[in-house]
Amino acid sequence: MKRYKGNNGTCTLISDDDFQCNCLLGYSGETCEIKFSACSSNPCRSGTCHDIANGFYYCSCTSDYTGFNCETEIDSCDSLPCLHNGICNNLASNMFSCTCANGHYGAQCQYIDYQCDSGPCLNKGTCMTSNNGYQCICPVGLTGNRCEIDINECISMPCQNHGICLQSKLNQYQCLCPAGYTGMHCEENIDPCLSILCLNNGTCIRTSLSTGIC
């Protein structure tokens, strides 16, 4: 038998008009003319496939994936980038953001802010650090950069039926109701006949907003 060695395998003449080829790894076909591509099955899930000799391949992964087939998503928070007990928030494209603990600021909470140590927030306001310095979280009824302004609840005119609003304490007000009205907001109309007792089975008739007769 005669053997003929080609670039991609060895072919053996088995008769005058017939031959058989043993192909190298990575090739197929009657004369080993078809090159096998390991990338034809798209093995790289989140990356680009590159053929290597002998039917092997490797994957070039995108920035937010890793693994032999780029099958593992990279969690940017795995490296614990947020300092001083900051909370890491995993974002798209291998990015992250940090929610800093009180008293720290910066992209990775790397800076310590001492501004709250001076107690800038008044009236039991809570001091919170921010990238711009500090912020006061005010109790209900107060406002201002340092919780120094008492909100006037009477501005919204809560008293009905011409009642007069008086601010009594922090976050509190009182309505002085005109005759014939009662309730927290002077919303209830008083029936004057409720306080009039008619004798001999008489019936009280309301004559005005605040008066009645028997």
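Every residue, even glycine, has its Cβ placed from backbone N, Cα and C.
Since the structure is predicted, the reported quantities are computational estimates derived from the model, not experimental observations.
These features come from TrEMBL:
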DISULFID  Cys23-Cys32  disulfide bond
DISULFID  Cys39-Cys49  disulfide bond
DISULFID  Cys61-Cys70  disulfide bond
DISULFID  Cys100-Cys109  disulfide bond
DISULFID  Cys138-Cys147  disulfide bond
DISULFID  Cys177-Cys186  disulfide bond
DOMAIN    1-33  domain 'EGF-like'
DOMAIN    35-71  domain 'EGF-like'
DOMAIN    73-110  domain 'EGF-like'
DOMAIN    112-148  domain 'EGF-like'
DOMAIN    150-187  domain 'EGF-like'
DOMAIN    189-214  domain 'EGF-like'
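Sequence features, as recorded in TrEMBL, placed on the structure.
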| residue | record | Cβ neighbours (10 Å) |
| --- | --- | --- |
| Cys23 | disulfide bond | 20 |
| Cys32 | disulfide bond | 19 |
| Cys39 | disulfide bond | 15 |
| Cys49 | disulfide bond | 18 |
| Cys61 | disulfide bond | 19 |
| Cys100 | disulfide bond | 24 |
| Cys109 | disulfide bond | 22 |
| Cys138 | disulfide bond | 21 |
| Cys177 | disulfide bond | 21 |
| Cys186 | disulfide bond | 21 |
CB within-chain contacts under 8 A for Cys70 (disulfide bond), separation at least 6: Cys44, Arg45, Ser46, Gly47, Cys59, Cys61, Thr62
Same-chain residues at least 6 apart in sequence whose Cβ lies under 8 Å from Cys147 (disulfide bond): Cys121, Leu122, Asn123, Lys124, Gly125, Cys136, Cys138, Pro139
Counts of helix, strand and coil residues, the domain 'EGF-like' (112-148), according to DSSP: 4 helix, 13 strand, 20 coil
Residue from Cys32, Cys49, Cys177 whose C-alpha is spatially nearest that of Cys100 (disulfide bond), among the disulfide-bonded residues: Cys49
Between Cys177 (disulfide bond) and Cys109 (disulfide bond), the C-alpha gap once rounded to whole angstrom: 55
Surrounding residues of the domain 'EGF-like' (1-33) on its own chain - C-beta under 8 Å, 6+ positions past either end: 53-55
Distant-in-sequence neighbours of the domain 'EGF-like' (35-71), which means Cβ under 8 A and at least six residues beyond its ends: 8, 24-28, 92-94
DSSP-derived helix, strand and coil totals, residue by residue, for the domain 'EGF-like' (150-187): 4 helix, 11 strand, 23 coil
For the domain 'EGF-like' (73-110), the number of residues DSSP places in helix, strand and coil: 0 helix, 11 strand, 27 coil
